[in-house]
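Below you'll find the structure, written out as structure tokens, and then a few comments.
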Amino acid sequence: MRRWKNVWRFLPLLAVMALTLTGCGNEQLSALLPQGEGARMQFNLMMLSLYIMIGVFIVVAIIYTVVLLKFRRRKGDNEIPEQTEGNVTLEILWTTIPIILLLILAVPTVMTTFALDPDEEKIPKDAIRVNVTAHQYWWEFEYPDLEVKTSQDLYMPAGEKVYFNLKSKDVIHSFWVPAIGGKMDTNTATENLMWLKADEAGTYFGKCAELCGPSHALMDFKVIVKDKKDFMAWADKMKAAKGEPEGDLAAQGQEIFQANCIGCHAIGNEGSNVGPNLTSFGDRTTIAGILEHNEENLKKWIKNPQDIKTGNNMPQFGKQLSDDELDALAEYLMGLKVDGE
Amino acid sequence: MSAHAQKKKNPIWDWLTTVDHKKIGILYLATGAFFFLLGGLEAILIRIQLLYPENNFVGAQTFNELLTMHGTTMIFLAAMPLVFGFFNAIVPLQIGARDVAFPFVNSLGYWLFTAGGIMLNLGWFLGGSPDAGWTGYAPLSTTSPGNGVDFYVLGLQISGIGTLIGGINFLVTIVNMRAPGMTFMRMPLFTWTTFITSGLILFAFPALTIGLALLMLDRLFGTQFFAAEAGGNPIIYEHLFWIFGHPEVYILILPAFGIFSEVIPVMAKKRLFGYSAMVFATALIGFLGFMVWVHHMFTVGLGPIANSIFAVATMLIAVPTGVKIFNWLFTMWGGKVVFTTANLWAVGFIPSFVLGGMTGVMLSVPPADYQYHDSYFVVAHFHYVIVGGVVFGLFAGMYYWWPKIFGRMLNETLGKIHFWLFFIGFHLTFFPQHFLGLMGMPRRVYTYLSGQELETANFVSSIGAFLMGVATIVMLWNIIQTSVAGKKASNDPWDARTLEWAISSPPPEYNFAQTPLVRGLDAFWLEKRAGNKTMTPAEPLDDIHMPDSSILPFMMAVGLFIAALSAIYSSWAIAIGGLVLTFAMMFLRSVIDYHGYHIHKEDLPSEGVDGK
Ligand SMILES: [Cu+2]
Ligand SMILES: [Cu+2]
């Protein structure tokens with residue numbers, strides 16, 4: 001009997017643990033603080049299934065506790081208990097009740113599964129669409145109707161469904177925005193379609209959820225939700241942006257960029273998409289999705305990207321470029337602002 | 001040859017050539033335990049790396065190798081052989097047989113498994129381990145540089161063949177070798193789960209074999225099955241992997257269910273409640289296990305129809321699983337439960353596994369899974385199922401059958417310390433991970449950034465893992481200490497119910513001097529209640545025919561090992577040499593006559609089946 005006191009000593013520990021943990025996380029990231037229609041539908045189903053399951057757990061816990069307290073062998077009791085074979089009524093009971101509970105869960109599950117799946121034919125003509133291309137280890141966002149391309153930062157309007165065409169350039173990744181509406185894989189051979197609808201303007205975190213190589217953990221992106229009007233204004237400015245340098249140093253930086261970087265990076269309509277589009281690099285909140293956005297870090301990145309993201313596809317420029325050239329490059333890139341202040 | 005001549009063999013030669021199921025069982029258990037420790041070490045390194053945000057204990061590449069090898073090792077090289085260890089050590093005894101149906105194949109299965117296990121781990125010494133996750137999804141696996149993934153592909157292929165033939169062996173054994181009177185519905189539950197598990201192996205492993213073969217062709221022979229740019233499609237690999245992968249979960253958990261179904265009735269001194277419901281539930285779980293693999297692929301984009309069908313099928317599995325939980329509870333209800341260490345694992349299993357089952361049902365809901373999938377929520381879920389279910393089951397089996405297998409008792413006090421440390425550490429590690437996933441932490445990340453409120457839960461989780469590490473050290477100490485100075489075990493230390501307890505601990509090489517007559521479920525218990533000390537024999541005492549031991553299985557495995565290793569390095573001549581070696585051994589096996597040998601009845605003890 002004494003030994004079982006341990007169990008009760010252990011319970012408060014569990015309670016404390018649960019309490020400290022149920023602060024539901026960061027509101028830009030957590031699926032427990034849904035801020036979009038999809039995330040809310042998903043959250044509601046989570047809660048429904050959780051409540052049903054907690055109900056089942058309580059029943060099990062009660063029987064379990066009674067068994068442990070009441071049917072332990074006492075010292076010196078050598079009597080042999082009755083060898084019951086079973087009980088058909090009970091078996092039927094604990095087969096049918098769970099089936100009913102699961103039906104209660106299954107109906108909204110199927111309905112929501114269909115509701116979350118966009119029907120290509122029913123997508124409104126003027127809906128904002130984004131082609132998402134995942135690369136090891138960065139994200140490319142193309143707005144075909146708006147003729148705009150960005151990378152790393154996904155801009156979208158608040159309060160309306162935005163439709164995403166997902167695919168990958170290299171290995172399978174998974175496009176995940178927990179706070180707004182779940183995830184979907186980006187495959188190599190087929191395209192996927194999903195929608196997101198954010199409640200309000202704000203910045204949210206997105207992540208890659210499928211193991212895609214050494215820097216999988218660092219394949220983060222941002223979702224910047226704006227009111228529709230602001231979003232359209234941003235898109236117009238993006239479309240017009242040419243990446244003109246401001247000042248002499250920046251102009252020098254532009255030349256260096258043209259000589260070294262344009263083969264992989266695009267600014268405005270010029271350049272290639274082996275690496276992220278840098279048209280609005282000055283507006284980013286991070287460098288490469290993870291570093292704080294400042295000149296220091298930018299130079300660090302250009303010098304040796306492998307130190308920061310193992311296995312990514314940008315070569316090291318530490319040996320090729322002098323400190324002065326790096327300063328010029330940084331001045332140019334940090335000045336590539338589209339969004340205003 | 002007489003029995004005495006057999007005993008003078010060199011012990012190393014003896015273990016390499018043995019075809020005795022009890023010795024092969026011990027080999028499986030020892031090898032599985034070794035890999036369990038290795039996989040545990042990898043887990044500890046993983047948790048050290050994740051102790052703090054942006055930690056730099058191991059690099060990104062090493063971390064991916066660790067997580068891949070941790071998963072692969074724990075599933076294929078620890079849990080599988082430990083399960084097979086108990087199949088071998090116990091099932092022939094439980095059905096009153098002298099050995100398995102094909103002792104030679106049994107030994108071959110073990111050596112193939114071991115060759116594959118070594119192959120998988122060679123990467124640590126030969127420039128890089130597999131790094132594409134235990135699932136080995138293409139095209140990450142097909143494009144992964146170096147030889148790491150080759151070790152994965154060929155190592156798993158070889159050990160998979162071992163598992164497959166092992167499964168076939170147990171199917172045949174259980175169908176053909178049961179003692180007189182042991183009808184199917186008198187078989188102990190552990191034998192039942194072994195039977196159904198073997199069936200699952202038979203149908204599930206070929207899917208893995210094909211998936212791995214295609215990976216091998218893509219990696220070593222330049223085919224493009226999974227290369228989208230050449231018209232291939234990696235989703236095919238995902239299907240093949242999970243058509244195997246989901247039943248694999250049941251291949252591991254059903255034997256654990258079997259173990260609990262042995263331990264709980266014995267420790268409650270009561271017959272298993274609802275025996276036929278338990279058998280039926282096991283079969284149903286096995287069947288439904290093949291109908292649900294897409295729940296691992298809800299986010300792949302297979303469409304709402306596929307997702308809905310597989311969602312409902314997945315929910316259904318909860319029903320027979322729930323039936324089992326309630327039957328275990330009602331086995332104890334009205335019983336006189338003693339809390340031996342073996343039973344502590346069984347009793348600790350129930351709430352832990354119910355939690356894993358709860359999250360399992362939650363995961364079956366596709367829209368919610370769009371959040372859970374590939375997040376730490378899933379990591380928490382499957383560790384609740386596999387540690388809280390399978391590992392607890394293996395530990396229960398270990399404390400329960402150790403005396404029978406090794407003839408010595410484990411220390412109960414140390415056993416209980418082991419249990420409590422492990423139990424607390426387990427929940428401390430994995431409970432917070434549910435929240436980590438929901439708060440936005442993807443799985444398989446080598447680090448996480450600070451400022452996203454993921455720090456506390458990760459820290460707690462790592463502390464829990466260290467606690468499980470300490471628990472494991474206590475277990476090792478228990479094993480070492482009792483094997484030096486442990487109490488000798490009697491035939492039947494737990495007052496148990498099934499046939500294995502009717503013979504000496506450890507059993508003699510022929511198991512039963514006379515095949516026992518089975519008069520009902522819980523055959524030995526029935527005899528004890530009827531006042532008999534031993535089983536009633538079903539045959540007169542006679543000479544016992546024993547199979548010859550053989551080095552051929554070992555050599556066949558060596559041949560395949562050489563072939564695979566040289567193929568990885570494109571040394572085709574040596575690779576063919578390895579295959580030739582294997583086929584030559586198979587040829588020898590076909591042409592040499594094996595007569596076996598007899599243990600003469602004069603050398604047998606005369607007290608009936610109690611083989612002393
Ligand atoms: Cu990734
Ligand atoms: Cu599954």
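Just so it is clear, glycine is given a Cβ too, placed from its N, Cα and C backbone atoms.
Here TrEMBL flags A:23-120 as domain 'Cytochrome oxidase subunit II transmembrane region profile'.
Beyond the ends of the transmembrane segment (A:50-71), by six or more residues, the same chain brings 4, 98, 101, 104-105 to within a C-beta distance below 8 angstroms of the stretch. The annotation transmembrane segment is assigned in TrEMBL to A:50-71 (among others).
Per TrEMBL, transmembrane segment is recorded for A:92-116 (among others).
Counting residues per DSSP class in helix, strand and coil order gives 15 helix, 58 strand, 40 coil for the domain 'Cytochrome oxidase subunit II copper A binding' (A:125-237). Annotation source TrEMBL lists domain 'Cytochrome oxidase subunit II copper A binding' at A:125-237.
Taken from TrEMBL, the feature domain 'Cytochrome c' applies to A:248-337.
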Kindly report the helix/strand/coil residue split of the domain 'Cytochrome oxidase subunit II transmembrane region profile' (A:23-120) according to DSSP, in that order.
-> 64 helix, 2 strand, 32 coil
By DSSP, how many residues in the domain 'Cytochrome c' (A:248-337) are helix, how many strand, and how many coil?
-> 41 helix, 8 strand, 41 coil
